[in-house]
Amino acid sequence: MEPIDIGLIVSGGMLVLVVLGMRVAFAAATAGMIGLIWIFWAKFGYDPDRFGKAVTVAVKTAGQVPHSKISSQALSLIPTFILIGYLAYYAGLTKALFEAAKRWLAWVPGGLAVSTVFATAGFAAVSGASVATSAVFARIAIPEMLKIGYDKRFAAGVVAAGGTLASLIPPSAILVIYAIIVEQDVGKLLLAGFIPGMFSALIYGLLIIGMAMTIKNFGPAVSGFTWKERFQALPPALPILVVVMTIIFFVYNPFGGDAWGTPTEGGAIGAFVVFLMALYQGMRWSELKDALLETAKLSVMIFTIIWGVLIYVRFLGFAQLPNAFSDWITSLEMSPMLILVCILLAYAVLGMFMDAIGMLLLTLPVVYPAVMALNGGEGVSAADATFGMSGPMCAIWFGILVVKMAEFCLITPPIGLNCFVVAGVRDDLSVQDVFKGVTPFFLADAATIALLVAFPSIVLWLPGQV
Amino acid sequence: DQWNVSLWGKRRAFTEHVEKLAELVSEKTNGEFTLNISYGGLSKNKENLDGISIGAFEMAQFCAGYHRDKNPSITVLELPFLGVTSLEQEIELSMAVYEHPAVVKDLARWDATLLMPSPLPQYNLVGVGDAPKTLADFEGLSVRATGGIGKAMETVGAVPTSMSASEVRQAMDSGIVKAVSFAPHAHMSFGTIENGKWWTTNLNPGTVNCPVVVNTLALESLSDDHRDALLSSVDEALDHYVSHYNGQTMEAWGPALEERGIEQVTFSDTEIASFKEAAAAPAAAAWIEENTKRGLPAQELYDMVTGKIAAAN
Amino acid sequence: MAGSSLVLSDDSRLSQIDRSLYRLEQVLALVSGLAVFSLMLMAVVSVGGRNFFNQPLPGYVDWIEQAMPLIAFMGIAYAQRDGGHIRMDMVVGALKGRVLYLVEFITTAVILLVVVLLVWGTWSHFDRSFDFAMPMWSTDSSIDIGLPIWPAKLLAPVAFSVLSLRLALQLWAYARAIVTPDRAPVAIPLIADAATQAAMEAEHVSGRDE
Ligand code: NA
Ligand code: NA
C-alpha cells in the first residue's frame, strides 16, 4: 500500500473516532500514532519480526511532538490572552464595558443582544483569545438577557458568536500564529484584522436588529437611560482604553516613534496592566487562584488539541500527503478564484470537526503555498497577480479570510470550542442549546466572508496605509 | 532503497547541496536509490538529530548552535573571529573537523555520521539609525544576536537581545533592536534589509556550522553500489552549493543593498583587530574550559582548527 | 468552569480515590496557572529592563520556551477529570445506560493505550537530553543562553503519567457503571443532558463535588 493510501485510511479512521465521541485531541493523537506505526511497518515490508521496531520508531517519533511543538514563543500568546480575559473579569472591566454598551446601545430593537455584540467587540481590543471572551461574557451578558425575556439559547448564541470577534480585532493570538506559520509581517496582519472585525460586529448587529423586528417576543429594547446615566457609565469602562493603548503601543507607535516591544510582549504587558487594575479593585488570592485555574484549564485543552493534531500532522508528513495535495491543487484546471472559494468551503467543512488553531496547523503548511502560487508567487507584483494584489498583500488577505473561517469553526457544530465554553459556564445550557442559538450567525459570517472575498480592500486598505 | 531526508523551511541556497545530492544519487543508481526530501514535514529543525537517532529518517540537516549540548564538538567551528575567508575554506575546515575521532564519537551518540557541511559566509549586521563609525559606537546598541555572536557583541558594549527569527523584522522596524546579525541570505529572506540603513561589510564575528548527517546504521546497510553512489556525490554536491551561493545569493546581495541605498560600513583593520582581541580569546578560552569538562579534547580541536586556518591564510 | 461537566461522588472507595487524585490534579493545574502568571512577569522584566535600564532579560525567549511545557501539560489530567477536553457528543449524547458506558469505556481505553505509549515516547525524548555524566546532566540546551532542556522535557511524561492514572480510574468507574447501571455513576464526567437529569436524582443521593 502506498503511503498516501495509508494517509487517507487513517484520516477516515480519525473521523470515526471523533464521531464516536472520543476527545478530539486524543482522537488526532491516536490516528497519528497508528498512522506512524503503519507507515514504518510498511517501510519494513510488513516483516513480522520488525513490527516491534516499527512501533518503537513510531512511538519515539510521536513522543517528540508534544514538547518540541509546544515550546514556542508564538504559542505563549494563547495563555497570556486567556489570562487577560479572566483577570479583566475579576477587575470588573468586562462588566463595566457591558454596562456602558447597554446604556448607549440597548435602545435599538434587540438592544441587549446588540449591546453584547459591541461590548465583546470592545473587549476584543484587549483580548486576543475568542474562547476566553466568550467565557467571561457568558457570565455577564447571558443573565441580563435572560432577565428581560430573551430565549436562553439565543442569548448563549450571541455570546458565542461575539467571542469570535476577539481573533479578528487586534490583538489576536491566532493572527500572530498565522503570521509565524507563513512568515509574514505580524504588525500588518494585526492591523488588517481591525476593519474586518468591526465589519463583522456591524453585520452581527444588523442581523440582530433584523431578527428583533421580525420575530415576536424576541427581547425588548431597553430604553430610558438618561444622557447623564450614559456618561456616568463611561468612566468605569475607561481603564479598558488604557489596556488598549498599551497593547497598541506594542504593535505600532501612532506618534511615529519606536514601538515599545513586540506583539508577544504586548499581550503579556496588557495582562499585567489588567492584573494591576484587578488588584486595585480588591482582587484577593482566592480570586486570583480561580483566574489562574481557569486560565490553566482553557489553556491545557487548547494545547492538548494542538499537540494531538500535530502528531497527526507529523504522520501526514511521513505519508507525503501535503506534497500530494499541493501538487493536486496547483494542477487543477479551474479558475483561481473558484479554487480559492473551494478552499474556503473546505475550511468550513473541516472546521466543523476541528478547533481553530488545530485546523490552521493542519492545513496552512499545504494550503498557503498553494494559494500564493495561485496568485503568482510570493514576490509577484500587484499588476501581474491573479487576484490583483502583491504577494505580501495576498498573504494578509488570505490570512484574514482563513482566520475568519477559523472563527466560524469555533461556533459550528459538532465541534465548536466557543459553544462548549459557553455551555460549560452555564449549568442550564447544553452544548446543543448553544449550537441552536448561534445558527443565525452562520448567515452573518457567510455574508462577511463573501464581502471580504469580493472586496479585498476592506482588508487591505488599513495595512496599505503604513 | 528509499531514504527520507529532513530539512526545514523551503528550498533555498542553504539546501541546494542536498537537492543536488538527491539528483546525483538517483542518476547514478538509475532511480534505484532515491532521497525523498521533506521541508519540515518529518521533524522540527531543532529535533533533527533526535529523528536520526530514533531512525525516523536517514538523512538530516541541522545547525550546531541550535543545541550546543547535543553536539559540543562541532561548535568549535562557530567560535567568533576564526578568520575563515571563503566558503571553500569553510568546507575544507569543516570536513577536517568532521573526521576527527572525538567528533565522530560525539555524533555517534546520535547514531549519526557527518556527511558534509552547509557552508555559510560570515555573519554581519544590518541596522537602522545612525551607522556606527567605530567600535565605540556599538556602546548601548541593542542587537539581535544569539549565542557566541551575541557574546562577542557584548564585549564591545552592545546589548544582545533574543527573539525568534520571525519576530526580528518587526522588532527592527519598531526599534526594539537597532541591528540584526545574520548571514546575507537570511537578511534577505527575513526582510531586515527592507528598512535597514546600514550593513557592516567586515565585522565578520563568525558564522554557524550546519552539517548534513546520515543515520550510521542506514549508511552501513546500503549495498556497496548505493553507498558508493552517495559518498562519491558529496564533492559535486558541495561544488554546486558553493557556485550557487557565490553566484545567485552573493550576486543578488550587492545589488539588493545598493537598490535600497543601504550604507556599507567598513571598519579599519586596527578596529577589527581590537574587537577580535576583546572577543575571540575569552570566547575560545571559555569554550575550551567548558568542553574539556564534557570530556572532549577541546584544546586539541581548537588548535587543529586555528592551525589549519593559519596555514591557509 | 470552561467546558466542565458534572462529576458525582459518594463514599465508595472509587470516589475517594477520585477526589484524592483530583486534589493532586488541581495542584498541578495551579502550577500551570502560575506559569502563565510568570510569563507575564517575565515580559514586564524584559520590557522594563530594555526600556529603562538598557538591559533586556538575557535569554528571554529561552525562558518562555522553558515555561511553555508547564502551561501546556500540567493541567491535562485536571481537564480530563472534569470532561474539559472537547469532543463531539452528538452520538454519545443519544446513548443511555449500559450502551453509553460501554462506548465511553472503549474510547477511554483507547486513549489510555495511546497515552501510555506517549509516556514511553516522551520519556525517550527526555532521556535523549539527559546524561548524568555531563555538566548540568545536559545533552540538549537552548539556543541563546544554553539552558539545559531536560527539566522541561521531563514534564511531558510526568503529566502524562498522572493522566494515565486518571484514565485508569475512569475505566474502573465506567466498568462499575456497566455492571451496575442503576447506581449513580461516580468519578466520571456526565454529558450535558444526562448531567442535569442525574443532578436532580442525585440531590438526595449524594453531594455534588465542587
Ligand atoms: Na482581539
Ligand atoms: Na466547528
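Glycine is treated like the rest: Cβ placed from N, Cα and C.
Predicted automatically and left uncurated, TrEMBL annotations should be read as such.
Note that this is a predicted model, so its numbers are computed, not measured.
Marked as transmembrane segment by TrEMBL: C:27-48, C:60-79, C:99-123, C:154-175. The domain 'Tripartite ATP-independent periplasmic transporters DctQ component' annotation in TrEMBL covers C:39-173.
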Helix, strand and coil totals (DSSP H, G, I; E, B; other) for the domain 'Tripartite ATP-independent periplasmic transporters DctQ component' (C:39-173): 98 helix, 4 strand, 33 coil
Contacting positions for the transmembrane segment (C:154-175) when only residues 6+ beyond its ends and CB under 8 Å are counted: 14, 17-18, 21, 24-25, 28, 69-70, 73-74, 76-77, 80-81, 101-102, 104-105, 108-109, 111-112, 115-116, 118-119, 122-123, 125-126, 130, 185-188
Within-chain partners of the transmembrane segment (C:99-123) [C-beta distance under 8 Å, separation at least 6 from its ends]: 91-92, 153, 156-157, 160-161, 163-164, 167-168, 170-171, 174-175, 177-178, 181, 185, 188, 194
Integer mean pLDDT for the domain 'Tripartite ATP-independent periplasmic transporters DctQ component' (C:39-173): 93
